[in-house]
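Please read the structure below before turning to the comments.
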């Protein structure tokens, strides 16, 4: 079959079905990249490289990308483009029994949107506070009597105090809900208002906003990269990040983390990618799109790691120097030595000499052990990297206000572009299900979705809210996606049949599917998903779920206190993990009962199997 693809100028031509469409191919690719590239690329991937052997982690990472990430991404983009429907309608079209796969992905998009936008709330709060001079997380406030520093801040750090007390006002236990924090409520309302304005008419508005939200983070990362490489200690940070330790590849956890990082980073099984590609013209090279988006996403992770670890290397080096300087002052005072007699460069020689000559005096000084490697080993990911480690490093930079403003604008842009995909995964199926009257304007429906989401998400602005966000992230945004993705592959390969789907892809792209796609879709990708699922569940069962609480009364404070979840919280954890998955068998069972009952009617005709050519027969294509 000749290859017939839509030229660039045909992307904006009207269509007979009245379905919205992208203004151009670049807008669509940017939207997919914006959805895939999110906060995890900045604060999760570098952490995994750090704890899993540096450059050695890239080996399982790229293996997982080739055999799991790219095939599943191609499958979703091809499915949405072929059927030109959202997730629920698409899977119902393949088979009524698979309708639960679409419902499950819709449910995950809802749950993730609720907590993901609350993370943007934290980012906004830090952004607003970045205009203060000095930065509010750079100094400890006075106590109530104004006779000294606040005790909680003094015992920990100013950065920790601003995060846990001034931002979260966190409770020492998840069972203590606390009160709504008004500053977070206001920021949450502002975040949902921004999401509403950007998604008010679906892709017609998100398509315009994506030019800013998807491109701006790369500009900021480049600025941080240039500045980061000039900082003292940047070389040590990068060497620590990329020096490979091949021995870690013997650890199964490394391979599990690589597979899950690829899977979640590409935003697979959320339904947003199916929704995005459904607005494409049918004859579009979805294969090239999938490879492009996947490669850009992974390269972004690598690119973001360089400025992140340049800054972390700077922070570690500064901490190491401070440790040396404190020890040097103690030694000079104790031995009444001239100033500048002991420098960082000759510190080790002096310590060796004094230890051999005056061991008792040196022991009495209780000098701290200063080791650069220990400072570099202080690994942290997620909110801890963004709101504690990175903010602490920013304080040490000249012009810290400007760097803080840039950093939090970048994080907000990354999160907002990912929110577009989450909301599209919620918005598109609702429009297509005919549950809501078509007379209701898109603006009103979008407004209702954002308002209801805001009201539900208020629970995350309670003092215990950050504990619940960790739970939602760990259970609602992880295990269900593996189950949904597994049934997506099984549904296409063994229910719809791989041969028929291959013909559809050939009709859309003008190329026959090569052996790589056939083997990965049939065997490798489903097998990898099962292995990751079993390993994930096994690890959860082996160790009872715990959380770390910020408790100023804890005997080891400021070390966080590890606690077990109460039974009722564990029940909610199980519910969040099971709820999206349970729709898969429930819908299948409902359809089976419905079909059995209706088959008794002589006039009943089973639904016909669709084909891409039939679905898109009314779509006008340019002649070759």
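Every residue number used here counts from 1 along the chain in the order it is shown.
Note: Cβ is positioned from N, Cα and C throughout, glycine not excepted.
Annotation source TrEMBL lists Na(+) binding site at 34, 36, 37, 41, 265, 297, 414, 418.
What TrEMBL lists as transmembrane segment is 28-45 (among others). Outside the transmembrane segment (28-45) by six or more residues, the chain places 22, 77, 119, 203, 206-207, 210-211, 213-215, 217, 261, 264-267, 272-273, 276-277, 279-280, 289, 292-294, 296-297, 300-302, 304-305, 308, 381-383, 385-386, 410-411, 414-415, 417-418, 420-422 with a CB less than 8 A from a CB of the stretch.
Within the chain, the transmembrane segment (51-73) has long-range Cβ neighbours (under 8 A, six or more residues past its boundaries) at 240-249, 251, 253-255, 257-259, 261-263, 265-266, 268-269, 273, 290-291, 293-294, 298, 302, 379, 485, 488-489, 517, 520-521, 524-525, 528-529. According to TrEMBL, the transmembrane segment annotation covers 51-73 (among others).
Sequence-distant contacts of the transmembrane segment (94-116) (same chain, at least 6 residues past either end, Cβ-Cβ under 8 Å): 79, 83, 86-88, 269-272, 274, 415, 418-419, 422-423, 425-426, 429, 453, 456-457, 460, 468-469, 472-473, 476-477, 480-481, 483-484, 487-488, 491-492, 495-496, 576, 579-581, 583-588, 591-592, 595, 607, 610. The transmembrane segment annotation in TrEMBL covers 94-116 (among others).
Note on the transmembrane segment (180-198): residues 117-118, 120-122, 124-125, 128, 167-169, 205-206, 209, 213, 416, 419-420, 423, 446-447, 450-451, 453-454, 457-458, 460-463, 465 of its chain, located 6 or more positions outside it, place their CB under 8 angstroms from a CB of the stretch. Per TrEMBL, the feature transmembrane segment maps to 180-198 (among others).
Summarising the annotation, TrEMBL assigns transmembrane segment to 210-234 (among others).
According to TrEMBL, the transmembrane segment annotation covers 254-276 (among others).
Sequence annotations record features per position, and here TrEMBL assigns transmembrane segment to 402-423 (among others).
Taken from TrEMBL, the feature transmembrane segment applies to 444-469 (among others).
Taken from TrEMBL, the feature transmembrane segment applies to 475-498 (among others).
Summarising the annotation, TrEMBL assigns transmembrane segment to 519-541 (among others).
Annotation comment: TrEMBL describes 568-590 (among others) as transmembrane segment. Long-range neighbours of the transmembrane segment (568-590) within the same chain, counting only residues 6 or more positions beyond its ends whose Cβ lies under 8 Å from a Cβ of the stretch, are 97-101, 103-105, 107-108, 111, 174-175, 471-472, 474-476, 478-480, 483-484, 487, 545.
Sequence-distant contacts of the transmembrane segment (402-423) (same chain, at least 6 residues past either end, Cβ-Cβ under 8 Å): 31-32, 34-39, 41-42, 109, 112-113, 116-117, 119-120, 123-124, 126-127, 130-131, 135, 194-195, 198-199, 206, 209-210, 212-214, 216-217, 220-221, 223-224, 227, 267, 270, 272-273, 275-276, 386, 390-391, 394, 446, 449. Cβ atoms within 8 Å of the centroid of the Cβ atoms of 34, 36, 37, 41, 265, 297, 414, 418 (the Na(+) site) belong to the same-chain residues 33, 35, 38, 40, 267, 300, 417, site residues excluded. Using a 10 Å radius centred on the Cβ of residue 34 (Na(+) binding site) and all shown protein chains, the other Cβ atoms total 29. Sequence-distant neighbours of residue 265 (Na(+) binding site) (same chain, 6+ residues apart, CB-CB distance under 8 A): 36, 38, 40, 41, 44, 45, 69, 297, 298, 301.
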